[in-house]
């Protein structure tokens, strides 16, 4: 079944013939009866797994924190005790983990996926990790006769809940359709980027830009408020002007400006400052390896590291506004 799905090529909507459409529909109908493994049920993994359930996929679940599995178990999904057990019961597995170290442990650890992975399995890693680690994992997976693809995401928790994530996929192009079948249940955009590691490269570049734009939005809002402008009015003006960006119009960092974002909830939930600092560290390492100047990216990295050292590590990354407001040393 998985091999049949992987044989389907990706077509644009205009190019895709009716036969391919029928094949995809049939494949999904059949695949819905085949369990999918899911490892990592954190802020992002939880709603992603739920969207797979909504599309009819039975799940084989594992998380290092057993409490994270409880609601899935209560819903009738199967919970196992380690990643190896997931690999034993499913030939399509999605991992969503915080760091490179976590990903290495999940795949190559003593009870990792590679201990029991079946030949022909499709392993999709949606963690944001070092591209070099993705490439190494792909080599190990290939030795076991399976397929590895990196597919990090953008969009945040809100997009994960509403199935509006963007997936950036790296790996063997012939396997993209098989990956898209699953990823399309969790996101509205699934983009093939190239060989293994290119998905991570795209994600690192995106998050570096996101951090820079969030800091810029926070600085502009803070300055405007101190100059006497009403924050909602200032946000409105920015969002109809050339300074508009995602951080200003969709994820504004100022409390009271928008509903349904972390700044409206004391910066709880969302994308943690620790994870942003980690992603910026990956960007810094990649910049060093490629001799690429990232002046603002490096400064953003230092700002988020300072935030984590001063008690913001568990707050959403938009709390940089609060950090700037409270830091007298600036």
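Cβ atoms here come from the backbone N, Cα and C positions, even for glycine.
Curation does not apply to TrEMBL; its annotations are automatic.
As the structure is a computational prediction, the values presented were derived from the model and not from experiment.
Feature list (source: TrEMBL):
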BINDING   34-62, 97-98, 102, 128, 278  NAD(+) binding site
DOMAIN    36-194  domain '6-phosphogluconate dehydrogenase NADP-binding'
DOMAIN    197-323  domain '3-hydroxyisobutyrate dehydrogenase-like NAD-binding'
ACT_SITE  203  active site
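Here the CA atom of the residue listed as 'active site' lies 26 Å from the CA atom of residue 59 (NAD(+) binding site). Residue counts of the domain '3-hydroxyisobutyrate dehydrogenase-like NAD-binding' (197-323) by helix, strand and coil are 86 helix, 2 strand, 39 coil (DSSP-based). Cβ neighbour count for residue 54 (NAD(+) binding site) (all protein chains, 10 Å cutoff from its Cβ): 11.
Compared over the binding-site residues 39, 44, 98, the count of CB atoms lying within 10 A of a residue's CB peaks at 39. Each of the recorded positions 59, 203 was ranked by the number of other C-beta atoms within 10 Å, and first place falls to 203. For the domain '3-hydroxyisobutyrate dehydrogenase-like NAD-binding' (197-323), the model gives a mean pLDDT of 97. Around residue 49 (NAD(+) binding site), the C-beta neighbours below 8 angstroms that are at least 6 residues distant in the chain are 38, 41, 59, 61, 72.
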